[in-house]
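Below: one structure, written as structure tokens.
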Amino acid sequence: MITIPYLTAVSTYFSYGLLFAFGQLRDYSRLIFDWWRTNNLQGYAPICLAHEDFYIRRLYHRIQDCFGRPISSAPDAWIDVVERVSDDNNKTLKRTTKTSRCLNLGSYNYLGFGSFDEYCTPRVIESLKKFSASTCSSRVDAGTTSVHAELEECVAKYVGQPAAVVFGMGYATNSAIIPVLIGKGGLIISDSLNHTSIVNGARGSGATIRVFQHNTPAHLEKVLKEQIAEGQPRTHRPWKKIIVVVEGIYSMEGEICHLPEIVSICKKYKAYVYLDEAHSIGAIGKTGRGVCELLGVDTADVDIMMGTFTKSFGSCGGYIAGSKDLIQYLKHQCPAHLYATSISTPSATQIISAIKVILGEDGSNRGAQKLARIRENSNFFRAELQKMGFEVLGDNDSPVMPIMLYNPAKIPAFSRECLREKLAVVVVGFPATPLLLARARICISASHSREDLIKALQVISKAGDLTGIKYFPAAPKKQEPAAVVFGMGYLTNSAIIPVLIGKGGLIISDSLNHTSIINGARGSGATIPVFKHNTPSHLKRVLKEQIAEGQPRTHRPWKKIIVVVEGIYSMEGEICHLPEIVSIFKKHMFTWMKLTALEQLAKQEEDLIQYLKYHCPAHLYATSISTPAAQQVISVIKVILGEDASNRGAQKLVRIRENSNFFRAELQKMGFDVLGDNDSPVMPIMLYNPAKIAAFSRACLQENVIVVVNFPAIPLLLARARICISASHSREDLIKALQVILRRVHSLSQHSKHDLNLPKRLKA
């Protein structure tokens, strides 16, 4: 629910009151000055009575230049907006031959299929040549082609239902289907903010309609209980049928439906679930399969799945998916199937092609990239708007994000200011929204680049300042992220730590930190207590003791405290318990020290990285990292992030995790004492006896397997062989290595356990 600030509500009511008063005054003035004019109605009543179109004449016409702007290009990231002029105070608008190239934040082109696509467009053109632009017939006459049959199979498979039927218009899908599904004696329970097509379809069904508070499963359950107990009006007979209607993403709110809870309630009370995925299908979920995939809901638990092709697929029309019996019934009964012209074959081909791209069936990974980009773009844009102080509705991952305007005067002001800066946005007011809840609706696309979004944010921020719609204080600006690089990894720790802290400071170090950290800490002159390896509780105890005691001899407060840990401990393969360590600082350090170490540095030196560049000897005097090495690092990061236009980085990350967990599990099955955690590519095999170090290493080398043994880098009694797994290892490489390690351990009688559980695939 939207909570309107008190002053905003008062000013909005006042603005509408002024508009209404002046509108009425103008109407009365027109009656006075035009009383002598005769009408040509010839006894007919006016088709539009004065009070019926008052809103259009006195409010809408004043700002109609902000709505229905024609474009003369494809609805891509940038569009050509046709300029219009008026010579009668906006009552009529005339198109000119001029256009403005504008950044498009208004179209539903979520995945970027609305413009030319290298895979889809050629196939659409071929379909146009073969089948023409229209079937000129309904589906039951001569309007069903092989493409329509393929489309219905493709849609059913894509959404995870046994069958589907498609229609030529998304709006008609709801408004024509609902009256076929339910009628008099039935009960429709609808979300209070469902789309107009659902509202009109429900009204046309003749069923009883009840609403529940927007996206509130608890209130839905309350309404269901009451209606089931009460039964039909007057007769109190049981309802013939109950259908609960919700949307995947609410088109005017940008909110994602609480589907798991709603499905659970509907199962409990034996009500059917009707899910409208107009804005969610293709836009959210790992493979674009909508809200069910995103929230982990089994599609078998959703009885009727509706969606449209106008948003993510760059086409037109809609679909209903469900059981085969349901779809067969709809094909025999639904007027939109029986009498309306079928979806055009070029449009159907566009949908099929888009789904194939999304699923990677075009032989590329462009679909996965589009889905990743729409999610990243949406979350980035939403977060930045909120930081600026705008009131933004909706949830993360949703490409729909309404910016609340409230006051009617701000609707045209915001829209016109954005258009002046070459930014096309959609503004929405009454009757599409409640009277007080006017908004600008932003729709993000995968075709938007980061530069496009940053430009849009700059324009919206400027327009927001001019119109006064930043209803929340802006988040304090964070410093730009920065980094400094060095030519040697070991030196990074040993040279940096003495610059960060010195005498009078406290370094609390994990007992198994790397030698570079130990040497850096020793060289700093700070006091160095240690805490038990990877044990947050002991760290907390050490912190308390040291803060209470203060500096040696003087017992003054510590100038600075730094806790040093590793992400993966290089000799243990264990992953740091970082969340618990960070929470200790968040919970206690602000009370004890007011400022953490890095915040204190930032206060003293303004910028940590700048400070290090001025003071660190490894930066001032050591030879810099070579340019080929630096370029290698940059290139690798781009591959990992997918900025090389491939998904090799993601594949490598998956492979290193799978390889590491497979190899660790197999070693443990064989009976080895293996240290470390799952997902860690470092896995030490404990040898203990120093005599076993050389024997194990040489034996593996004889069979062309190189392993690293560590001494004296570890405690005297804890000799080990350290295995490091790579994404470049194939499964055959790993199995060969396991066979060699096991065989050599047997031959050397070095195994730490005698009861071996050798996997069958290794016995071969």
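Every residue gets a Cβ built from N, Cα and C, even glycine.
Under the heading domain 'Aminotransferase class I/classII large', TrEMBL lists 102-460 (among others).
What TrEMBL lists as domain 'Aminotransferase class I/classII large' is 478-588 (among others).
Residues or ranges marked as domain 'Aminotransferase class I/classII large' by TrEMBL: 627-741 (among others). Across the domain 'Aminotransferase class I/classII large' (627-741), DSSP helix (H, G, I), strand (E, B) and coil residues number 60 helix, 17 strand, 38 coil.
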Message: Just to be sure I understand, if DSSP states are collapsed into helix, strand and coil, how many residues of the domain 'Aminotransferase class I/classII large' (478-588) fall in each?
response: 47 helix, 16 strand, 48 coil
- prompt: For the domain 'Aminotransferase class I/classII large' (478-588), what's the model's average pLDDT?
  reply: 88
